[in-house]
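Engineer: Sharing a structure here in structure tokens format.
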Amino acid sequence: MQRSLKWFASATTLAMLFVLIGGALVTKTGSGMGCGRSWPLCNGQWVPDHITPELIIELSHRLVSGLAGIMVLILSIWAWRAIGHVQETKFLAVISFVFLVLQGLIGAAAVVWGQSDFVLALHFGISLISFAAVLLLTLLIFEIDKTFSAASLSLDGKMRFHIYGITIYSYIVVYTGALVRHTNASLACPSWPLCAKTRLLPVQFHEWVQMGHRLAAAVIIIWIAAAAIHAVRHYRRQPVIYYGWLIALLLVLAQMTTGALVVFTQLNLYIALAHAFFISCLFGVLSYLLLLALRTRRAPVKAADHSAGEAAPATLK
């Protein structure tokens, strides 16, 4: 694989991560209207004459997103030509660019015409899909699957259920988290993990949004912990699965910690951005596990020595 392609893929992945964090920064700082209802111009000007912090944040996010879009398009074409023989390459190349354009259109529509909070909450999730596709393309370019002998993987039904279920469910958790941001419900509940020390249930809309996200997050933490335990017990000799779930567990615990700290620190900006960073990384890990699971589903089932003394996947319960 050409070294230049690897470098460019890495840079594009990093650029997409900046798009995600930048979008979270725009929302957290209330900078979405920093350029007024003007797009792609800023307040109807190419070079704004009245500079505010909100304008700088919004304009920077637009510039980074535009640069990332160009980089993703170049990477998609380059990867298509260089590793198009790898089955997932063309699909990921298309998804990465299409979803990045889609999130840009939603962002532009929100500025020009305005959108409901429920529609705006999709903005981060759509960007996340594009980021995951770029990340997977990068991993294919680096041939990570060969490094971990991913071609010889064999997964039992329970592990496949965990991978498919958690990956899909994580997107729901992401949406609820984005909804918390867009409805300004981050500090609706002054306590943690309960909404308030004096009562158990929320009493108004913003509290329900906040507690709905906390409940969704609690479920995914428990579910990922269960998947990690299953991986530790049965997949010690398949490191990509074993370490993949351990990393996912660490990331979701970091996500939980930063989520709690957002409340305790009264919405500290750096902690809030770390919260967005950890969920982006977690979704990337889950997406790679999903790619591997889809590969093994297509491939003939092979007897796998998951761990010393364990039976093949077909006999696991």
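Glycine is no exception: its Cβ is also placed from the backbone N, Cα and C atoms.
Checked Swiss-Prot, it gives:
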TOPO_DOM  1-6  topological domain 'Cytoplasmic'
TRANSMEM  7-27  transmembrane segment
TOPO_DOM  28-62  topological domain 'Extracellular'
DISULFID  C35-C42  disulfide bond
ACT_SITE  E58  active site
TRANSMEM  63-83  transmembrane segment
TOPO_DOM  84-90  topological domain 'Cytoplasmic'
TRANSMEM  91-111  transmembrane segment
TOPO_DOM  112-121  topological domain 'Extracellular'
TRANSMEM  122-142  transmembrane segment
TOPO_DOM  143-159  topological domain 'Cytoplasmic'
TRANSMEM  160-180  transmembrane segment
TOPO_DOM  181-211  topological domain 'Extracellular'
DISULFID  C189-C195  disulfide bond
TRANSMEM  212-232  transmembrane segment
BINDING   H213, H275  heme b binding site
TOPO_DOM  233-243  topological domain 'Cytoplasmic'
TRANSMEM  244-264  transmembrane segment
TOPO_DOM  265-270  topological domain 'Extracellular'
TRANSMEM  271-291  transmembrane segment
TOPO_DOM  292-317  topological domain 'Cytoplasmic'
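I would like each feature placed in context: is it buried or exposed, what are its neighbours, and how far apart are things?
Structural biologist: Mean pLDDT across the topological domain 'Cytoplasmic' (1-6) comes to 82 in this model.
For the topological domain 'Extracellular' (28-62), the list of distant contacts is 19, 22, 107-108, 110-112, 114, 181, 267, 269, 272-273: same-chain residues at least six beyond its ends, Cβ to Cβ under 8 Å.
Within its own chain, C35 (disulfide bond) has L41, C42, N43, P48, L55, E58, L59, R62, V111 as residues 6 or more apart in sequence whose C-beta sits under 8 angstroms from its own.
DSSP assigns E58 (active site) to a helix in the three-state reduction.
Counting residues 6+ beyond its ends, the transmembrane segment (63-83) has Cβ neighbours under 8 Å at 1-2, 5, 8-9, 11-12, 15-16, 18-19, 22, 40, 89-90, 92-94, 96-97, 100-101, 104, 107, 130, 134, 137, 140-141 in the same chain.
Each residue in the topological domain 'Cytoplasmic' (84-90) gets a DSSP state, and the totals come to 2 helix, 0 strand, 5 coil.
Across the topological domain 'Extracellular' (112-121), DSSP assigns 6 helix, 0 strand, 4 coil.
The list of residues near the transmembrane segment (160-180) in space but at least 6 beyond its ends in sequence, with Cβ under 8 angstroms from a Cβ of it, reads 117-118, 120-125, 128, 186, 209-210, 212-213, 216-217, 219-220, 223-224, 226-227, 230, 275, 279, 282-283, 286-287, 289-290, 292-293, 296-297.
Classification of C189 (disulfide bond) by DSSP places it in coil, neither helical nor stranded.
Neighbours of H213 (heme b binding site), defined as other CB atoms within 10 A of its CB across all chains, total 23.
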Engineer: Between H275 (heme b binding site) and C189 (disulfide bond), find the distance joining the two CA atoms and give it rounded to the nearest Å.
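Structural biologist: H275 (heme b binding site) and C189 (disulfide bond) have their Cα atoms 17 Å apart.
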Engineer: Does the structure show the transmembrane segment (122-142) and the transmembrane segment (271-291) touching, where I'm treating 3 or more Cβ pairs under 8 angstroms (sequence separation 6 or more) as a contact?
Structural biologist: yes
Engineer: Go ahead and report the DSSP secondary structure tallies for the topological domain 'Extracellular' (265-270): helix first, then strand, then coil.
Structural biologist: 2 helix, 0 strand, 4 coil
Engineer: Given the cut-off of 8 Å on Cβ pairs that are 6 or more apart in sequence, determine whether the transmembrane segment (212-232) and the transmembrane segment (244-264) share at least 3 such pairs.
Structural biologist: yes
